[in-house]
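Enquirer: Here it is, the structure, as C-alpha cells.
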Amino acid sequence: MPPSRLRLLPLLLPLLWLLVLAPGRPASGLSTCKTIDMELVKRKRIEAIRGQILSKLRLASPPSQGDVPPGPLPEAVLALYNSTRDRVAGESAEPEPEPEPDYYAKEVTRVLMVDNSHNIYKSIETVAHSIYMFFNTSELREAVPDPLLLSRAELRMQRLKLNVEQHVELYQKYSNNSWRYLSNQLLTPSDTPEWLSFDVTGVVRQWLSQGEELEGFRFSAHCSCDSKDNTLRVEINGIGPKRRGDLAAIHGMNRPFLLLMATPLERAQHLHSSRHRRGLDTNYCFSSTEKNCCVRQLYIDFRKDLGWKWIHEPKGYHANFCLGPCPYIWSLDTQYSKVLALYNQHNPGASAAPCCVPQALEPLPIVYYVGRKAKVEQLSNMIVRSCKCS
C-alpha cells in the first residue's frame, strides 16, 4: 500500500466504526454465533443425543434386540426404575458444573433389607420406640466392588398410613453394639403411603471398605425429655408380622432397601478422559416469546427419532436445547474494541460474542436390555433445564 494511503488509514477507521456501529447500540450482529434454521438445530441435537447415550453406556453401537424376552419388564426391574425416576423427579437441577466422574452413566442397584426372619433380629431386644433394618454387605460389595465407585446411596422405605405427627431419627450400627445418630425427619399425618429417603452415602462407603457381614440402621421415634410416651407410631411396609400366600411376596418386595448409584468398573478407567460441564429456565422460556438466549423445547421419541427399540423405559423424553442471540452493549468510549481485536487475533475461529449454552442439566433414568438381561442406568446431563450466555 502506498505511504499516502497509510497516512489516511487512521482518519478513516473512526468513520468506518461509526457507520458499522453507533455508540450504545447492541453488537449482537457482530457475533459469529451463526443464526441456524430451527429444524437443522433439532436434527443436530437429536444426532448428538444418539452419540451421547451410546458414549455414556460405553456402547459402540445399539444392542441387538434378537434375544430380548417378550412381555412386560420384570417387577423387580420396574420397581428399581420407578424408584430411580421418582428420586430424580424430586431433585432440582444444580447450576454448578458436575464433577468429571459424573459424566458417565451410573449403574443403579437395589439391595433389599435382610428378611425379618434372619437371626440377627432375634439377637436385638424388641422395643416400642425403634425398628431395625440390616443389610448383607456381601450383596453391597457385589453391586459396588470399590467404595470409590459409589456415587450415592439412599435408604428408602415406604411409610404407611400415619394418624399423628411424629419426629423420627435414623441411627447407624456402630462399634460395641452402640448406635450413631445420622439424621431426622418430621413426618406429618397422611392417609396415603409415602416413600421416605435418607442419604447414607458415607455410611455405605464405610461398609464397603471395612464392614462386617451384616450392618444395619435403627429407625426410632425422637426421644423427648418432656414426653413419657416415645412409641414409634410409624408403620413401615415390609417390616412386621409375616403374611401368607401372595401377600407374603408383595410384603417382601416392598421392604426397605438401599438404592445404590455407582460407576461400573469397566467405565472407571475412562473417567479421566472426558469432561462434561453443566439462568434462563424452562419456567420462563416455555411461557414467553423470548427471542434471545433461552431453553427451547425438544421431545425425543426413541423409536421415531432414533429408530431404537432397545430402550424400554421411558419411551422418550424432553431433551430441550439452548438457542438465541446473546446481545451486549458495545460503546466507542470503552476499551472493549481493543480487547476484542486482541482476542480475535489469538482466537480467529472463536465467537466474537457470548453464545447461548446450557447451564443446568438433569439426569435421565432408562431401562434397556443387554442380551436377555434388563438393566437400569441413570444417564447424567441429558435434560436441559436452563441456559446462559457464555
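Indices start at 1 and increase along the chain as displayed.
Using the three backbone atoms N, Cα and C, a Cβ is placed for every residue, glycine included.
Sharing the record's features from Swiss-Prot:
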type     : residues  : note
DISULFID : C285-C294 : disulfide bond
DISULFID : C293-C356 : disulfide bond
DISULFID : C322-C387 : disulfide bond
DISULFID : C326-C389 : disulfide bond
CARBOHYD : N82       : N-linked glycosylation site
CARBOHYD : N136      : N-linked glycosylation site
CARBOHYD : N176      : N-linked glycosylation site
REGION   : 30-74     : region 'Straightjacket domain'
REGION   : 75-271    : region 'Arm domain'
REGION   : 226-252   : region 'Bowtie tail'
SIGNAL   : 1-29      : signal peptide
Enquirer: Quick one: give me the count of other CB atoms within 10 A of the CB of C285 (disulfide bond).
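Expert: Here the count is 23.
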Enquirer: Based on Cα coordinates, which of the following recorded positions are within 10 Å of C293 (disulfide bond): N82, N136, C285, C387, C389?
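Expert: Matched recorded positions: C285, C387, C389, sequence order.
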Enquirer: Measuring Cα to Cα, how many Å separate N82 (N-linked glycosylation site) from N136 (N-linked glycosylation site)?
Expert: 23
Enquirer: If you count the other Cβ atoms within 10 Å of each Cβ, which of the glycosylation sites N82, N136 comes out on top?
Expert: N136
Enquirer: Among the recorded positions N136, C294, C356, which ones place their C-alpha within 10 angstroms of the C-alpha of C387 (disulfide bond)?
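Expert: Neighbours among recorded positions, in sequence order: C294, C356.
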Enquirer: Using all protein chains shown, find which of the disulfide-bonded residues C293, C294, C322, C387, C389 scores highest when you count other CB atoms within 10 A of its CB.
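Expert: Most Cβ neighbours within 10 Å: C387.
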Enquirer: Which whole-number value in Å describes the distance between the Cα atoms of C389 (disulfide bond) and C285 (disulfide bond)?
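Expert: On Cα coordinates alone, these residues lie 14 Å apart.
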Enquirer: Please classify the secondary structure at C326 (disulfide bond) using three-state DSSP.
Expert: coil
Enquirer: I'd like to know which of these disulfide-bonded residues, C326, C356, is least surrounded, judged by other CB atoms within 10 A.
Expert: C326
Enquirer: Give, as a single whole number between 0 and 100, the mean pLDDT over the region 'Arm domain' (75-271).
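Expert: Overall, the region 'Arm domain' (75-271) comes to a mean pLDDT of 80.
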Enquirer: Given C326 (disulfide bond) and C285 (disulfide bond), what distance in Å do their CA atoms have, once rounded to a whole number?
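Expert: C326 (disulfide bond) to C285 (disulfide bond), Cα-Cα distance: 15 Å.
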Enquirer: When DSSP states are folded down to helix, strand and coil, where does C285 (disulfide bond) land?
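Expert: Going by the DSSP assignment, C285 (disulfide bond) falls within a helical segment, counted as helix.
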